[in-house]
Amino acid sequence: MKLNVNLPHHPYDILIKKGSLSQAGSWLSQLWQPQRVVIVTDNRVARLYAEKVKLSLEAAGFETFVFDFLEGEASKNLKTVNKVYEFLVKVGLTRSDGIVALGGGVVGDLAGFAASTYMRGVHFVQIPTSLTAQVDSSIGGKTGVNTPWAKNMVGTFTQPDGVLIDPEVLHTLGQRELIEGMGEVVKYGLIEDKELWDELSEMDGSPESILEHAESIIYHSCDVKRKIVVEDELDNGVRLYLNFGHTIGHAIEATAGYGKVMHGEAVAIGMVQVSRVAEKKGLMPAGITENIIHMCQKFGLPVDYQPWNEAALYQALTHDKKARGNSIKLVLVPELGSASIHQIPLEEMKEFLKK
C-alpha cells in the first residue's frame, strides 16, 4: 500500500508493506543516488535490525555507517544530538549524503532534527519500527528534542524524502510498547476517521488483534495525517487537530520524567481528562468521555495518572507550542469523527486539570 504526501515543495511517498525492511536498499535507490548514508538508531533497534538494513543498503551501492544511542525518551535531547553531529563529522558526511532514521518516535524525531540542522540540512528518510512512529511521528516533518522545560521544545519542520513502513517489525515490540501506539490510533478515529473508529470498536483489544489489524490501522492513520499535513504543513490550522489529548499529555510526560509515562499513554490520559472537563462545560457531547475511556481501556491504555499535580502540570503546559501570548489553542471533539479548535485564556487551563 502506498500513500502520497503531496506537498507542493516536497512531495514524498509512504510505503506500507510487510517484509519491506529487507528491501530498504532497493527502496532507497529509487529516492537517492548511491552515496554515503548514516543509519541513526537506538541500541535496542540496532540489535534487531541495523545489520539487516545496512546489508540491504550496501547491496544497493550505499556506503553505510551505523550510529546508535541508548534507547528511550531520556536520550531525546541536545546532548545526544551533539553525539550524532560528532559521528557525522567523523565519517565525513557531506550535504549530498543522507541519514536513515531507523527506530521509534524518539529516533525519528532526533535523527530528523540532526539531519535538518547538520550543515544546514541533509536529506533523510524514515523507517519507523514502533506503532507510534508508524502511525504518527514518522509522517509530516516535525523533528525535535526535549528540554528540561518542555517536550519537543527545540525542533524544526523538515520533511523526509520517504517513509518505509514494515508492519512485521511490530512483532518484536514489547506488549507495553505495542499498546501505547494505540493512543494515537484512537485519537485518529476520534478526530477524523469514523471508519477507523468502527474497526477499533469491532476488535477485541488484545495485542494479537492489534497485530492482525496492523496494516489497516497504519493505513487509515497515515491517510488521516497526510491529508491534514498537506492542508496545513506548519501547524497553524487544522494540523492542530492532531494535538487532541497532547496539551495535557505532553505536560504529563514532562512532569513525570521523560520515559516514565510513554507518549501514547500520556495522550490517552490527556484525551480522557480534557474530554471529561469539556463535557461538563458543554463543549463536548454527553457520553463521549465514556466512549473514549471504554476504547482506551479495551486496548490496555491508562486513563488516569498518579500523582496528579495540578500546579506542576499547569507550569509545564505554559511552555506548550500551542500557547499564544496569554491564550492557548485547545483541541476538542464536538462529535465522533470531527475536531474543533478553541482558543481559551491560558489561565482557564487550570480548570481542565481539575479532577
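The backbone N, Cα and C atoms fix where each Cβ goes, glycine too.
The secondary structure of Gly105 (NAD(+) binding site), as reduced to three states from DSSP, is helical. What Swiss-Prot lists as NAD(+) binding site is 71-76, 105-109, 129-130, Lys142, Lys151.
A helical conformation is recorded for His246 (Zn(2+) binding site) in the three-state DSSP classification. A C-beta separation below 8 Å, combined with a sequence spacing of at least six in one chain, links His246 (Zn(2+) binding site) to Val267, Gly270, Val331. Summarising the annotation, Swiss-Prot assigns Zn(2+) binding site to Glu184, His246, His263 and lists sequence analysis as the type of evidence.
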Can you grab the distance from Glu184 (Zn(2+) binding site) over to Gly105 (NAD(+) binding site)? Cα atoms, rounded to a whole Å.
12
Measuring Cα to Cα, tell me the gap between Ser75 (NAD(+) binding site) and His263 (Zn(2+) binding site) in whole angstrom.
14
Specify all same-chain residues, apart from the site residues Glu184, His246, His263, whose Cβ lies within 8 angstroms of the center of the Cβ atoms of the Zn(2+) site, ordered by sequence.
Thr132, Asp136, Gly183, Lys187, Gly245, Gly249, Gly264, Ala266, Val267
Cα-Cα, Asp109 (NAD(+) binding site) versus His263 (Zn(2+) binding site), nearest Å, comes out at 13
For Asp109 (NAD(+) binding site), the number of other Cβ atoms found within 10 Å of its own Cβ:
25
Alpha-carbon distance [His263 (Zn(2+) binding site); Ser130 (NAD(+) binding site)] in Å
12
Which is it, of Ser75, Ser130: the one of these binding-site residues whose Cβ has the most other Cβ atoms within 10 Å?
Ser130
